[in-house]
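Report on the following structure.
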Amino acid sequence: MSALHHHQQHQHQEQQQHQHQQQQHQHQHQEQHQHQEQHQHQEQHQHQELHQHQEQHQHQEQQQHQHQEQHQHQHQEQHQHQHQEQHQHQHQEQHQHQQHHHQQQHHQHQQHQQQQQQQQQQQSASGGSHQEAGSASHRGEARLECQLCGKTYKDRSGLWHHSLTHSGVKAYECLECGKKFTTKSNLTAHTLTHSSVRNYECLECGKKFTTNGSLTRHTLTHSGVKDHECLECGKKFATKFELTRHTLTHSGAKNFECKECGKKYTEKSSLTKHSLTHSGVKNHECLECGKKFTTKSYLNAHFLTHNNVKNHECQECGKKFARKCQLTEHSLTHSGIRNHKCQECGKKFAKKCNLTAHILTHSGVKNHECEECGKKFLTSGALKKHTLRHTGLRELECDIVFQENETD
């Protein structure tokens, strides 16, 4: 009995120990669960605080952005207001200047009419000459001749307006580009060139113009007739406008200088066209290959390369070119004339562009990097020749070029 009692006591103790262990385990499990809940609660609280902080930061950024936009909008409004005031001031000055010029012209016109009346009175006194002039007027024949150029007009008003072109006074200025004209009608016709509306199309080549007069002058270029000859070099042109523009190249007066690169031009329109090359904006895209250009004239010249039309042949070597300017530039290589000298080393070149590229070799700065291998070059031309190495074309020629022009 004692052994059985001892065994029962031992089992009872084991059961109590087991229950005690289970209670301890449950207590630990509860503590862990509470700890996890506290940790989750802390994480949620931190996440909420972080989210609130982010929302506050975004709200502050939005307020700053709105404030910047308001500031920019106010600045733009101020700038537009200033620009409008300047434009109005220029317009008022031009209007006053035109009124003054109109008064002078009206006074000259009155004097001219008085002189004509005196001449008519003298002719009426002589009798027959007045009747002949009157009959000629009724027949619509041109009887009034310009004493400076010989051009004739059927009435005095036409002759008087024409005489203004010889005076050299250009009182009518275009507010868009600054170009000046002798008569208001010429200014009005010129302002159409700034408009995008071109309703007059050439049936020969499809080129469009803003005025019928511009189209008429353009059609002369297709006729092949060049009656206007330069007295300086003998070069002939189809229109008087082209001749006048050409004569500026002999005068050497290049008053319009590019602030970006220092290049000078005889006309403001040429400078405006050149300045587009610095802007980087290329809105004229070739529909054939997708290449873009800064001006429409460059696009038209490029388009000839797709047609493979090369009508300009070198008389020296027979090489043909799509554009006449390319032939002119190429002919310098045969002349042996090298007027462009490097001030650094004395080397001479036939073309200014070659001198410009050569000057970069003295600077040592290589800004043109190959996207394929990372190699850098002094000029864009050298980079283009190098890219042929990656295409597998003209590798030998490419190597020769680099040996002559590049040093690693």
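Backbone N, Cα and C define each Cβ position, glycine as well.
Heads up, TrEMBL stuff is auto-annotated, nobody curated it.
What TrEMBL annotates here:
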- 1-10: compositional bias 'Basic residues' (COMPBIAS)
- 1-140: region 'Disordered' (REGION)
- 28-96: compositional bias 'Basic and acidic residues' (COMPBIAS)
- 97-110: compositional bias 'Basic residues' (COMPBIAS)
- 124-134: compositional bias 'Polar residues' (COMPBIAS)
- 144-171: domain 'C2H2-type' (DOMAIN)
- 172-199: domain 'C2H2-type' (DOMAIN)
- 200-227: domain 'C2H2-type' (DOMAIN)
- 228-255: domain 'C2H2-type' (DOMAIN)
- 256-283: domain 'C2H2-type' (DOMAIN)
- 284-311: domain 'C2H2-type' (DOMAIN)
- 312-339: domain 'C2H2-type' (DOMAIN)
- 340-367: domain 'C2H2-type' (DOMAIN)
- 368-395: domain 'C2H2-type' (DOMAIN)
Inset, instruction - Summarise the model's confidence over the domain 'C2H2-type' (256-283) as a mean pLDDT value. - result: 81
Inset, instruction - Could you break down the residues of the domain 'C2H2-type' (256-283) into DSSP helix, strand and coil, giving a count for each? - result: 12 helix, 4 strand, 12 coil
Inset, instruction - Kindly report the helix/strand/coil residue split of the domain 'C2H2-type' (368-395) according to DSSP, in that order. - result: 13 helix, 4 strand, 11 coil
Legend entry - Per-state residue totals over the domain 'C2H2-type' (340-367) - DSSP helix, strand, coil: 12 helix, 4 strand, 12 coil
